[in-house]
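Asker: This structure is in structure tokens; I'll ask about it shortly.
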Amino acid sequence: MLRYTVVRGGLGLLTVRRACLSPRLTHSAPKTEYRPIKKVMVANRGEIAIRVFRACTELGIRTVAVYSEQDTGQMHRQKADEAYLIGKGLPPVAAYLDIPDIIKVAKNNNVDAIHPGYGFLSERADFAQACADAGVMFIGPSPETVRKMGDKVEARSLAISAGVPVVPGTEYPITCLQDAQVFTQTYGFPIIFKAAYGGGGRGMRVVREYEELEENYQRAYSEALTAFGNGSLFVEKFIEKPRHIEVQILGDKYGNVIHLYERDCSIQRRHQKVVEIAPAFQLDPHLRDRLHADAVNLAKLVGYENAGTVEFLVDRHGKHYFIEVNSRLQVEHTVTEEITDVDLVHAQLRVCEGRSLPELGLRQDKIRVNGCAIQCRVTTEDPSRGFQPDTGRIEVFRSGEGMGIRLDSASAFQGAVISPHYDSLLVKVIASGKDLQTAASKMSRALAEFRVRGVKTNIPFLQNVFANHQFLHSTVDTQFIDENQELFNLKPTQNRAQKLLHYLGHVMVNGPTTPIPVKAKPSSIDPVIPPGILGDPPVGFRDILLRDGPEGFAKAVRAHQGLLLMDTTFRDAHQSLLATRVRTHDLKMISPFVSHNFSNLFSLENWGGATFDVAMRFLSECPWKRLQELRALIPNVPFQMLLRGANAVGYTNYPDNAVFKFCEVAKENGMDIFRVFDSLNYLPNMLLGMEAAGAAGGVVEAAISYTGDVSDPMRQKYSLDYYVKLADELVKAGTHILCIKDMAGLLKPEASKLLIGSLRDRFPDVPIHVHTHDTAGAGVAAMLACAEAGADVVDVAVDSMAGMTSQPSMGAIVACAKGTKLDTGIALEKVFDYSEYWEVARGLYAPFDCTATMKSGNADVYENEIPGGQYTNLHFQAHSMGLGNKFKEVKKAYTEANKLLGDLIKVTPSSKIVGDLAQFMVQNNLTRAEVEERADELSFPLSVVEFLQGYIGIPHGGFPEPFRSKVELERGKILHIKALALGDLNKAGQREVFFELNGQLRSVLVKDTVAMKEMKFHPKAQKSIKGQVGAPMPGKVLEIKVEVGSKVEKGQPLCVLSAMKMETVVNSPVAGTVKVVYVTADTSLEGDDLIMEIEE
């Protein structure tokens, strides 16, 4: 009876008020004083603060931001004209609830009005009253209205008075658990707890069984207390599977109230809205009218002014029930603005100043709906882990934009730190279109454009929502997410660039992580230089070259009696055996001896691609300086280098002028002979290199890369005819010397006779030079066979650097040829002295010596055709990755990979392509048949894709089909990365590593593993240990429910964590006894931090 009397009295007062204001509605002089606003403070943070600042700036109003100590780096500080710290020393949320400090800042800085935003103090009547008491305008309803609407029980009572249907619930906030128990005895389950003084899903818990009642009451109370400063709750009967429809209202100080249509907020999780739509899709027109009318009537009943939202549930039968009034601006106000073209914040500010809605042109009959708008909240939550909040630093941020897209954000930028203290909202994305489907299409496109790295987001989940047929073509209810589990079939993001930067950063900070299987240490004995270096060195073949030029040099070589040798000890030998690690120092030490005792060598190979690679990456040496210094010490023996055709000494095609200039400078610094080859024998690439070497004045040695077996009539792809025809082209192009480059050591004695004999018959005047590797152990026999068939020069390495994957032994060739027509003229005893030096020097490089993992050569090279240097590297890599016992599988996969790629000539870089594919097959347990079958879905190594795109040329016989056509040749995905700087160590034991990626600054945080050993960190839970309980997400410990020695059951609550104002109960994974507790109340935790140990 009393309640009824109060309501009637209220209505009577409202009637009188309307009568007094009626002249205003006919445009007479206003009774309320107009107070222009010149400065506005926003008592909030994040995107809503920025939203208000922007509106103020548009209206010429100065802006003031406030921020907590934890928010010193947040964007809303920078968007305001002024910014002041509040809540010094207080916890993060409490700072924004510190009413006295906020009012003090406002008064000290001449603030005219305060906008509360949403959340925090926005629905606190005491804050609105404090503003009024301080003479500061509150941009929102009156304190009394805020009190009435904030008290969910009184709001229900008012709704009943206005004739608005309500859900059965308690009349007053409950004060204890027993009150909730009494309610359930009357209405049964399910029920829902709601915070009496706030919304946004905080303090809201659904209870379906009696056993869950106490725990959920405690969690709801605690969340409400933390978020709103008051833990009061009320209880309602829970309506199953309703639609959540809310109506936007706007009132002024003169009793005018209008609605701006409705929003459908049914897509929710944890009672928090995820997607909002305006207007509601497929809503019955009569129901729509009733919702609007009820919202306006209720607002008029309480004399509502400024912006607000009346929220309803609509059940499956089309009945609607009042839930609450949010006496503030809503997060989703944006969609209403998009469909009505009404700026709600502008309206709030003008109404607060004393303007009437008609003055602002806001009349109900003028408000029209234009199209459809959708908002989704991109949050830093991981849908695959139950939407657990994620924290960390945003390493990459790129948003989706374009026509029909609006973005409201604050912390969405590269370098922003997402803390566990506040809401997980990253950015609000609003899409507009003529209808729901059009707006959803724009939203899907925008979400696909987003790139967020460093923290997990719900974007993949949202993309699934906007692709869902029910969402697009039917209505949804609040159980939509729970009933559509396919929404959680998330498409993984590739994140290729950032993964690569993390890897590079880790290497820069901590060094390479590949374990070295070699335990050997460098020898402490220095090699001794042999005696016999007196006076100037004797005349050698370089003197002939300098006197007669390249053509005369070639003639002299062809006319020479006996077999000439090229020594590879200075390059290919140590590349094959010692990973190219030999320093310039050790080469210089033996150089005078070589100059004086091996003047009759055809050449000394001492330069190539690997020289540049290793010298600059590992030895910190200049390859050009090496060439200059060796030239000064060995003036009489020609130097020879490898030139990879159009690739020069690199791994990709360079511009023609770069190749020409390289050869010119190389010649000027002492290079004589350029062995020009192409890994695919691709003639155009070879001709470019030959032309460049010739133009520089060097000796051109065109090399044909050898594979297969010309003596086997069953192998016809690389037949004798193929090699002879290719040699024809090279001789026509003007090569001075013709070379057969047998990188894998496949030349058998019979094939040697056949191939070299045919070339000698075909080109009687052209010198022939043969290169091989001794992997199978038949290198000496093959080279002697080549010499017998007419070869002028063969490659060797000094004995202690020969054999296995290196070249055949110099001593063996010299000894076998001695006294015959092939006599080399080299003193065997000098070879012994030379070998002794390198035997000791080799010990200096023991950690890189291939003999640590490989004890001999292997004749299976005739099957797998792996080049010598690569054979060594693959063997070493297999041991490094713990696959030493699977090296046989790696070699078999190499054979299969070669067949997949069409049987390639295997020389750098084509050999690397085959090797990459082989390792890809082994790592993924793929057979050749499986690779062929699944070629259209596998992510192949980049080298394989680029080969199939033709980056290194066209292989003999063309590309393999249909394999090539099935592989996705993704173009335009080249990453240009430049390492810039390494930052100082931070408190977390990390260093920031800076890069330039495709012209943009990027950085990653990398843990310094060495420094972290000296620092103290909270231990991590080991997932392999059953009783260790780890933090499921970053957060703060609110409550510990057990102690050491407590007996616990599986599933029993152990502690409560709070993150982003949401609470999570950590339950026991096992039954047992609590052995150790590693945390206390208020302990801040990272994900997987160890909370306690339970002994079963």
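Keep in mind that glycine also has a Cβ here, set from the backbone N, Cα and C atoms.
Below are the features listed in TrEMBL for this protein:
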ACT_SITE  Arg328  active site
BINDING   Lys152, Glu236, His271  ATP binding site
BINDING   Asp572, Lys741, His771, His773  Mn(2+) binding site
BINDING   Arg644, Thr908  substrate binding site
DOMAIN    36-486  domain 'Biotin carboxylation'
DOMAIN    156-353  domain 'ATP-grasp'
DOMAIN    563-832  domain 'Pyruvate carboxyltransferase'
DOMAIN    1026-1095  domain 'Lipoyl-binding'
MOD_RES   Lys741  N6-carboxylysine
MOD_RES   Lys1061  N6-biotinyllysine
Asker: Of all the binding-site residues given, namely Lys152, His271, Arg644, Thr908, which is spatially nearest to His773 (Mn(2+) binding site) at the Cα level?
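Answerer: Closest candidate to His773 (Mn(2+) binding site), judged by Cα separation, is Thr908.
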Asker: Which chain-mates of Thr908 (substrate binding site) that are at least 6 residues away have a CB under 8 A from its CB, listed by sequence?
Answerer: Gly609, Arg644, Tyr651, Ser679, Pro867, Gly869, Gln870
Asker: Could you tell me which of these binding-site residues, Glu236, Asp572, has the fewest other Cβ atoms within 10 Å of its Cβ?
Answerer: Glu236
Asker: If the Mn(2+) site is taken as the center of the Cβ atoms of Asp572, Lys741, His771, His773, which further residues of that chain fall within 8 Å of it by their Cβ?
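Answerer: In sequence order, the nearby non-listed residues are Thr568, Asp742, Met743, Thr772, Asp795, Gln807, Gly868.
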Asker: Which one, from the recorded positions His271, Arg328, has the smallest tally of other C-beta atoms lying within 10 Å of its C-beta?
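Answerer: Among the recorded positions His271, Arg328, the lowest count of other Cβ atoms within 10 Å belongs to His271.
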Asker: Out of Arg644, His771, His773, which has the highest number of nearby Cβ atoms, where nearby means within 10 Å of its Cβ, if these are the binding-site residues?
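Answerer: The largest 10 Å Cβ neighbour count belongs to His773.
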Asker: Which has the fewest other Cβ atoms within 10 Å: Lys152, Lys741, the binding-site residues listed?
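Answerer: Across Lys152, Lys741, these binding-site residues, the one with fewest Cβ atoms within 10 Å is Lys741.
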Asker: Out of Lys152, Glu236, His271, Arg328, which of these recorded positions is nearest Lys741 (Mn(2+) binding site) by C-alpha distance?
Answerer: His271
Asker: Roughly how many Å lie between the Cα atoms of Lys152 (ATP binding site) and Arg328 (active site), rounded to a whole value?
Answerer: 15
Asker: Do you know offhand how many angstrom separate His771 (Mn(2+) binding site) and His271 (ATP binding site) by C-alpha?
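Answerer: Answer for this pair: 75 Å between alpha carbons.
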Asker: Determine, using Cα-Cα distances only, which of these recorded positions is closest to Asp572 (Mn(2+) binding site): Glu236, His271, Arg328.
Answerer: His271
Asker: Which whole number is the mean pLDDT over the domain 'Pyruvate carboxyltransferase' (563-832)?
Answerer: 94
